[in-house]
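Below: one structure, written as structure tokens.
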There are 2 protein chains.
Amino acid sequence: MKITKLAQGISLKRSLEGGNEDQLAVVRQVLADVKSQGDAALRAYTEKWDGYAPKHLRVTQEEIQEAINAFDDQLYQDLTEAANNIRLYHEQQQRSGYRVELGDGSWLGQRITALDAVGLYVPGGTAAYPSSVLMNVIPAQVAGVSRIVIASPAGRDGKLPAGVLAAAHILGIDEIYKVGGAQAIAALAYGTETIAPVDKITGPGNIFVALAKREVFGEVAIDMIAGPSEIAILADDTAYPDEIAADLLSQAEHDPLSCAVLVTTSEQLATKVAEQVEQQLMTLPRREVAQASIENFGAIYIAETLTEAVAAINSLAPEHLEIITENAEQVAQQIRHAGGIFIGRYSSEPVGDYFAGTNHVLPTNSTARFASGLNVDDFVKKSSIVYYSEETWANNAPKIARLARMEGLEGHARAVESRGWEKE
Amino acid sequence: MKITKLAQGISLKRSLEGGNEDQLAVVRQVLADVKSQGDAALRAYTEKWDGYAPKHLRVTQEEIQEAINAFDDQLYQDLTEAANNIRLYHEQQQRSGYRVELGDGSWLGQRITALDAVGLYVPGGTAAYPSSVLMNVIPAQVAGVSRIVIASPAGRDGKLPAGVLAAAHILGIDEIYKVGGAQAIAALAYGTETIAPVDKITGPGNIFVALAKREVFGEVAIDMIAGPSEIAILADDTAYPDEIAADLLSQAEHDPLSCAVLVTTSEQLATKVAEQVEQQLMTLPRREVAQASIENFGAIYIAETLTEAVAAINSLAPEHLEIITENAEQVAQQIRHAGGIFIGRYSSEPVGDYFAGTNHVLPTNSTARFASGLNVDDFVKKSSIVYYSEETWANNAPKIARLARMEGLEGHARAVESRGWEKE
């Protein structure tokens, strides 16, 4: 791993593939077909791309039960405990509206309501992560969303991964469709004979899924289009090099485009981490992926001072940040921009990916400057409420009418002034 | 205005112009030029499209003072009172993070921080609304955003509208640039020699501005791309037809694509409102616009029952909803989807556009199903925090490692397991 002195303007930003025109044309065709032909289009595309002809699009209770029966008991228990932890953390995000009394009987309000229906896209194959089911569904449940749907492509055997079904089962979700790709996004956005449309679509996916989500955005809400994973570690000479290296590699193994960066005040740590990364890479099953990531985007920066290191981290605005230093909690208070912060030696980042309770859907590619991890707010919307009494209206109508006329909107002024006359 | 019996599946959705390929090509060129040439490109485009050569891009203190001096005192006072009302309402939206203790010294947290810098785009010419300055800036100020910038195209005289400068002055905003169109969005997103980049861009604009915002989305955050204004009124026979008609027209006068709909249980009201709309249209200064809107998208629906009317409103999910019925407050409680709700005869919708305190930037085109009006949450982001003690780590590491291995991510398992050994 390359070691360099810290310089101004480090960026974790990578030039990411936005999809090409050909892919976009395919996606638009799929969207149009599903919109006009519904289930028939879903079946045709599933047969064409997923390699099997679905008898029924919705997963049956028998299929779910069969998967649960075959699923490892210990893992089921681990997933259940993780789900409970995630629920506990997200329950703190529940909010109620408010009411402001204005006097004279008038008031303003804010009402917070859950979305009616949400769809979670779960990628198929080796990228099927039961943990994603927990992380996407639980905030929606805590928000009070009454209908939560999962769409995921089945394998050639027509089955969904048991882990995905187990995670859904633990959460009480049983509206699950065996549909993937852009056609799944189309079905969730527009609806078909079998699949009623939803109001928001979340969850990761390949380039076709990402393009389809962008296309239906506006028709329905979508979550952010997440980029490859990132980790930045801020460490001093109290950190153990093998642990830092292992944490860097845990992000690097996700994707050749993943990014793992160490910022440290210790030259010695820098050298030893670089050695450890090389050594640990040798036995890592996903070595090829991790190595590419380290070569492409891995870096170790040496900072003169902790202050300089903190400034560098804030300019990075990383998805994940580990702080393994003396007084790590105080250092954490100086961080302005990071999706998820992991404090101290024992808070290795995968702790948050699976189990601690925080969400693992976090803003990538420096968007932590302005974006947040998935949370309960993402599944509610707010309505404002105005109640003006006659008295409040009478006191303020002239001001409102003046402001409207200033903007050239006479109709607005007249609407306000139309009240209060003696009428038949 | 056309009167019809209420039927299933009313939609306020209009097929809205999304911009064509030529416009997009222009926007992309502008973005690229500003990115590479900075201020020089801003000056060139301003001269080309706004018809004057800017001596300085930033509005000077003298220009601001000159505008304030010439501005109407009464209006300045009205704007100030409106600003205070808006601040009062939005202050209720301030939030702090939280901390969950897990035992054994471990804890999880959520930290909420304001964005560092936000840019507000204010359209030029007749569409320059001082009220928009209040509605966009105040939530950002309440959130704690430290740098708030305004960009707006000057007229051929090189001046910005006095009302816009007055509103900014009332709020203490003095970083104001005379730049408009896609070039303004580019400057805010990428930065130039004069204009430092921001993290989020809000505010309305023409099709070039909207396309530019879509293009820079991801680089920076943007607010929703708002469509033409909408109003739905739910009224029974207690409502006055002239008031309902005036309120419908107050939205219709915005844009030929605006939409004004009455849903009523009273046939008599329906007939009289239709008459009143025709009559009031005759003297409305913006008659041509309002008439087109009413013809294109205006409608009166008669419902058999209030329940049916409420269901229709919920399926519409209108931007603005007025409820002028008996027990209007109770009726309001049955509304699930609306951007802003105005209860009772005296809460004419323009009350909220200018003065009451709620935000007038609201979700259009049925997106109130999943979106909210502009609010303080739009100017903050949340970071999650994990602190695991050695004990908590020891109790849970095996579970986390199992979950990671289930997903085929051995590097994740190893990272967690790397802790806790006796090391040199």
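Glycine residues also receive a Cβ, built from the backbone N, Cα and C atoms like all the rest.
Note that the structure is predicted; figures quoted are calculated from it, not measured.
Taking Cβ-Cβ distances under 8 Å and a sequence separation of 6 or more, the neighbours of B:Glu319 (active site, proton acceptor) in its chain are B:Ser229, B:Glu230, B:Ile231, B:Ala338, B:Gly339, B:Gly340, B:Leu362, B:Pro363, B:Thr364, B:Asn365, B:Ala368. As annotated by TrEMBL, active site, proton acceptor applies to B:Glu319 (among others).
Sequence annotations record features per position, and here TrEMBL assigns active site, proton acceptor to B:His320 (among others). Of all Cβ atoms in the shown protein chains, 28 besides its own fall within 10 Å of the Cβ of B:His320 (active site, proton acceptor).
Positions annotated as NAD(+) binding site by TrEMBL: B:Tyr121, B:Gln183, B:Asn206. Its Cβ taken as reference, B:Asn206 (NAD(+) binding site) is surrounded by 16 other Cβ atoms within 10 Å in the chains shown.
DSSP classifies B:His254 (substrate binding site) as coil under the three-state reduction. Proximity of B:His254 (substrate binding site) to non-local residues of its own chain (separation of 6 or more, Cβ distance below 8 Å) is seen for B:Pro228, B:Ser229, B:Val289, B:Ser293, given in sequence order. Sequence annotations record features per position, and here TrEMBL assigns substrate binding site to B:Ser229, B:Gln251, B:His254, B:His320, B:Asp353, B:Glu407, B:His412.
Taken from TrEMBL, the feature Zn(2+) binding site covers B:Gln251, B:His254, B:Asp353, B:His412. According to its DSSP assignment, B:His412 (substrate binding site) is helical.
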DSSP state at B:Gln183 (NAD(+) binding site), helix/strand/coil: helix
Nearest-integer angstrom distance between the alpha carbons (Cα) of B:Gln251 (substrate binding site) and B:Tyr121 (NAD(+) binding site): 22
Interface-adjacent recorded positions, chosen from B:Tyr121, B:Asn206, B:Glu319, B:Asp353, B:Glu407, B:His412 when a CB lies under 8 A of chain A: B:Asp353, B:Glu407, B:His412
Densest Cβ neighbourhood among B:Gln183, B:Ser229, B:Gln251 (binding-site residues), 10 Å radius: B:Gln251
Under 8 Å by Cβ from B:Glu407 (substrate binding site), same chain, sequence gap 6 or more: none
Site extent for NAD(+), whole Å (max Cα pair distance, B:Tyr121, B:Gln183, B:Asn206): 13
All-chain count of other Cβ atoms within 10 Å of B:Tyr121 (NAD(+) binding site): 27
Integer Å distance between the CA atoms belonging to B:Gln183 (NAD(+) binding site) and B:Asp353 (substrate binding site): 28
